[in-house]
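Undergrad: According to Swiss-Prot, the protein has these features:
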- 49-56, 76-80, 96-99, 164-167, 197-200: GTP binding site (BINDING)
- SER56, THR78: Mg(2+) binding site (BINDING)
- 41-219: domain 'EngB-type G' (DOMAIN)
Amino acid sequence: MDAAAAPEFTEEALEAGRLLFAGKAEFVMGVVSLSGLPPADRSEVCFAGRSNVGKSSLINALTGRAKLARSSAEPGRTRELNYFDIGDEGKLYLVDLPGFGYAKVSKTQTAAWTKLIKSYLRGRPSLRRVFLLVDARRGDLMDTDEEVMDLMDGAAVTYQVVLTKVDKVPKGEVEKIVVKIADKLKKRGAAHPVVRMTSAEKGFGIPELRAEIAALAMLG
């Protein structure tokens, strides 16, 4: 499948996505160790990405709640796996992973986060997909993105690249970026072939990402 030409969703799929995120959306807990994880009793998806990639803004756009996920005033300060309960009747956990790649974070902190994230990715049976957020303004994957992909390939955890802030880049350039990244994903065993394009500020790509996540929530 050509990732530059992502398949269209049916009206039913888009409506399922709308309904899921129109329901309950609550912060549940921040987890600092595997012993603190909630029961794996529903599907989980998680958002990963470099610090300041726009994870909090995207979560808020998906849920339609401006302050559900709060970005830290200082990049790299989020040290927890933040769990959000999405949808009525406990349908889905959305997990916001700590941002990576921020230079001012100490090596000790980085090592601790990395260990926690590795353990989570390898040992969470209810994890359906990791959405790896990439700032479109970067123009390509960063080395740290590729390192996280290596980790997920090794753990056999399916992941999908989501471009953020595409409204900040000319349309023609965004399409070139998608093609470039999609070509790299073809060489990776655990990568989903479709690169999603989003803008939390403009709402672009939000209905489609909701539909994508809703389909995963139905896996139970």
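Positions of Cβ are set from backbone N, Cα and C atoms, glycine also.
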Undergrad: Could you work out which of the binding-site residues (GLY49, GLU80, ALA200) has its C-beta surrounded by the smallest number of other C-beta atoms within 10 A?
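TA: Counting other Cβ atoms within 10 Å of each of the binding-site residues GLY49, GLU80, ALA200, the minimum falls on GLU80.
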Undergrad: If you count other CB atoms within 10 A of each CB, which of VAL53, SER56, GLY99, ASP167 wins among these binding-site residues?
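TA: Ranked by Cβ atoms within 10 Å, first place goes to VAL53.
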Undergrad: Using C-alpha atoms only, work out the spacing between GLY49 (GTP binding site) and SER56 (Mg(2+) binding site) and round it to an integer in Å.
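TA: Distance between the two Cα atoms comes out at 11 Å.
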Undergrad: Measuring Cα to Cα, tell me the gap between GLY99 (GTP binding site) and SER56 (Mg(2+) binding site) in whole angstrom.
TA: 10
Undergrad: Whole-number Å only: compute the distance from the Cα of GLU80 (GTP binding site) to the Cα of SER56 (Mg(2+) binding site).
TA: 13
Undergrad: In three-state terms from DSSP, label GLY49 (GTP binding site) for me.
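TA: Reduced to three states, the DSSP call for GLY49 (GTP binding site) is strand.
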